[in-house]
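Data block below; observations after.
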Amino acid sequence: MPVRKQDTQRALHLLEEYRSKLSQTEDRQLRSSIERVINIFQSNLFQALIDIQEFYEVTLLDNPKCIDRSKPSEPIQPVNTWEISSLPSSTVTSETLPSSLSPSVEKYRYQDEDTPPQEHISPQITNEVIGPELVHVSEKNLSEIENVHGFVSHSHISPIKPTEAVLPSPPTVPVIPVLPVPAENTVILPTIPQANPPPVLVNTDSLETPTYVNGTDADYEYEEITLERGNSGLGFSIAGGTDNPHIGDDSSIFITKIITGGAAAQDGRLRVNDCILRVNEVDVRDVTHSKAVEALKEAGSIVRLYVKRRKPVSEKIMEIKLIKGPKGLGFSIAGGVGNQHIPGDNSIYVTKIIEGGAAHKDGKLQIGDKLLAVNNVCLEEVTHEEAVTALKNTSDFVYLKVAKPTSMYMNDGYAPPDITNSSSQPVDNHVSPSSFLGQTPASPARYSPVSKAVLGDDEITREPRKVVLHRGSTGLGFNIVGGEDGEGIFISFILAGGPADLSGELRKGDRIISVNSVDLRAASHEQAAAALKNAGQAVTIVAQYRPEEYSRFEAKIHDLREQMMNSSISSGSGSLRTSQKRSLYVRALFDYDKTKDSGLPSQGLNFKFGDILHVINASDDEWWQARQVTPDGESDEVGVIPSKRRVEKKERARLKTVKFNSKTRDKGEIPDDMGSKGLKHVTSNASDSESSYRGQEEYVLSYEPVNQQEVNYTRPVIILGPMKDRINDDLISEFPDKFGSCVPHTTRPKRDYEVDGRDYHFVTSREQMEKDIQEHKFIEAGQYNNHLYGTSVQSVREVAEKGKHCILDVSGNAIKRLQIAQLYPISIFIKPKSMENIMEMNKRLTEEQARKTFERAMKLEQEFTEHFTAIVQGDTLEDIYNQVKQIIEEQSGSYIWVPAKEKL
């Protein structure tokens, strides 16, 4: 039966009629599928195919209508007949094709230094193109993010290499001659002449119904964006791919960051969370992350992006009343004029809800909400500082006008967008009584039936209560004090993550009445400790909350410790005196929490690894007096810290001790039971029991003496630990004017398109390079394919003297070599919290791979801890990245602290 255009039009009409009747929610998927078919019917491609079919059946097969039978037939006659037909006869060439579909005359391929070029098109891409997927996501972690133009260390990019593309020969069969588009099956023939024909959605006739994670195709819009590559690249970062999905199992390629001043930002159309479908003519749906990056690298100077994004969401306006509490309003904000939280949007957004604060208790305000007004003060088109001031200048009763996203986001299972403007420092502000800088809110107690932060003292029962704990690897997880003159046994400390903390039933200030029916009301400290030690795995404790008695007891302990400290300092019996050392500055090589040290004789001083301390009184063997040194100068606060001798003695005792609860701590962490001999009768750890044995003394990290030194160069940066490559890439892409990489040396012969001094320093003499390595002129070197490769001290120095941080992808051994060369690097170790933490940041890792990564990190820490400038930890890569940026900024001054030659 011949195909007629009017039949197609009738079918289209019937489909549209049927679609209009599908108004129920359950019909949404069917309606979406019908819309796809309608779009196909209405496309230029489909109409062209109908025209061809009709022309073939009606005109070519019915020769009498257009051919004189008296003339001999010619093989080319059908083509001639088609050319004089009444159909549109505009020639389809690269000039008349829409710009969006015209292929480039030249193709460019990326040639890696030592690996063969990969294929342009992913093996997954066939004629049957799978529909793209897109979910609305927040920028939750940088772990899967690859920057389009960020390259570090030895990953040098060779210049693009043009190769001529061969165009197909004209067709010799009776079909419409069209210029094929690579990786697509597209035929373009307008049914009516158009001066500027619109771009046609490629392969609309073969698109399958996509498996949308959130929403249908009706929820999305499509756009073609043409960018001209600038000096700093395309100016955006991507994440995702089949090998490392950005969100869940969605393998789409997402835009995760728009770099201010880059090509994408100047164009203004590309947005964070856009999904890239094609780069020029390369389909990047359902491809690996590296394939997408390769497509962007090879795209040339003019890059056409076909993107898909979720349609703008409507907002619901509501008013929220909050009553200020001890923690203020209890939320953080970001955004404002000049400090956009989301590119192109000056609004003020809620970025964090602080546990136990007013907003948390009220429950209505959520992350991602937009603040429109506070009381009568409008917060639209205001600066960040103005918004903070308005929120701080409120009374106890605060009325917030907020715009909430509709349920389109609420049903996603992912948080609304929380995107940090890449061009500025993070400036989240907590709206609390005295906080202008962002602080990380305490994580909720996951296993506690009621969050302890929400309950006030008045809400906790004062009656005796029974608590059952199961002893874990950290014992019972609390410390006790008391037991003198029948004053009672009190809980003085709850170990985070221990059985007591996870139960949520015990708290500091509880008096222990009994343990497994053993009455402790009049027990001594030793009797209470023995009862807890011998209680077995399941321990039943009767406790009573007595905060007033505990406060009086604490005051008494404080007075005793003050007397001891004054007596100790006045006796001056220590081996290290301030009279012997005029000024003593040290760098801490461990974290110290004064609340975990029950032996402090006076007010303690908290510090963390890498902090600089000015020891102003080192005359005592056990305790020093010190103040912290910050980038802004010395702190006024003076506190007590454990001496080097005390730290090492306690740590060695811990390493030589067999503990009944197999208690373990991280290397360099101060034991919780650090106490003074004079107070032994009033404090102990409820889960410690020591049986010492003799063993070889271990090297213990405590303090490193340092001197301040002026530098006239920009310090190199070495990042070690899991996900370091992602962090390095992001630093270079976000701050191309502040970070760079040095040119390595190699004995490999130069290739035709390479430039000496740009791609590599090509060394003609292997013997000379080996000699330079022996003379320590290289911070790191190795051999690959019988060629030497290495990074020289001079190459690093050249980058440093240009005012850029040289990003180095090297081992920990390079830190010491740079220090010897008087190039003191900023060395940062990313310490994973656990195997699960690693797998969360890189979802494609197997459990075995995560275990090996974790073990490598622990070995790295053990081997190079004393050489690290700082150690960072975080739940997400975004947290870690922000910490790294802050550390680099703090360490970038003209005066730095370097290891001193003298020893403690």
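Heads up, the Cβ atoms here are built off N, Cα and C, so glycines get one too.
The compositional bias 'Polar residues' annotation in Swiss-Prot covers 682-693.
What Swiss-Prot lists as domain 'L27' is 4-64, and the listing cites sequence analysis. Mean pLDDT, taken over the domain 'L27' (4-64), works out to 71 on the 0 to 100 scale.
Taken from Swiss-Prot, the feature domain 'PDZ 2' covers 319-405, and the record attributes it to sequence analysis.
Residues or ranges marked as domain 'PDZ 3' in Swiss-Prot: 466-546.
Annotated domain 'Guanylate kinase-like' per Swiss-Prot: 714-889, in sequence order, evidence recorded as sequence analysis.
The phosphothreonine annotation in Swiss-Prot covers Thr115 and is backed by a large-scale study or a structure entry.
The phosphoserine annotation in Swiss-Prot covers Ser138 (among others), and the record cites a large-scale study or a structure entry as its basis.
The phosphoserine annotation in Swiss-Prot covers Ser158 (among others) and rests on a large-scale study or a structure entry.
According to Swiss-Prot, the feature phosphoserine maps to Ser232 (among others), an assignment based on similarity to another entry.
The phosphoserine annotation in Swiss-Prot covers Ser568 (among others).
Swiss-Prot lists Ser575 (among others) with the feature phosphoserine, giving a large-scale study or a structure entry as the kind of evidence.
Annotated phosphoserine per Swiss-Prot: Ser579 (among others), in sequence order, evidence recorded as a large-scale study or a structure entry.
According to Swiss-Prot, the feature phosphoserine maps to Ser598 (among others), an assignment based on similarity to another entry. Look at Ser598 (phosphoserine): DSSP puts it in coil.
The phosphoserine feature in Swiss-Prot is assigned to Ser619 (among others).
What Swiss-Prot records for Ser684 (among others) is phosphoserine.
Taken from Swiss-Prot, the feature phosphoserine covers Ser687 (among others).
Taken residue by residue with DSSP, Ser834 (phosphoserine) is part of neither helix nor strand, so it is coil. Other Cβ atoms within 10 Å of the Cβ of Ser834 (phosphoserine), summed over all protein chains shown, number 10. Under DSSP, residues within the domain 'PDZ 3' (466-546) fall into helix, strand and coil as 14 helix, 34 strand, 33 coil.
Residue counts for the domain 'PDZ 2' (319-405) under DSSP, helix first, then strand, then coil, are 14 helix, 38 strand, 35 coil.
Distance noted between the C-alpha atoms of Ser834 (phosphoserine) and Ser619 (phosphoserine) is 40 Å. Ser619 (phosphoserine) counts 21 other C-beta atoms within 10 Å of its own C-beta, drawing on all protein chains shown.
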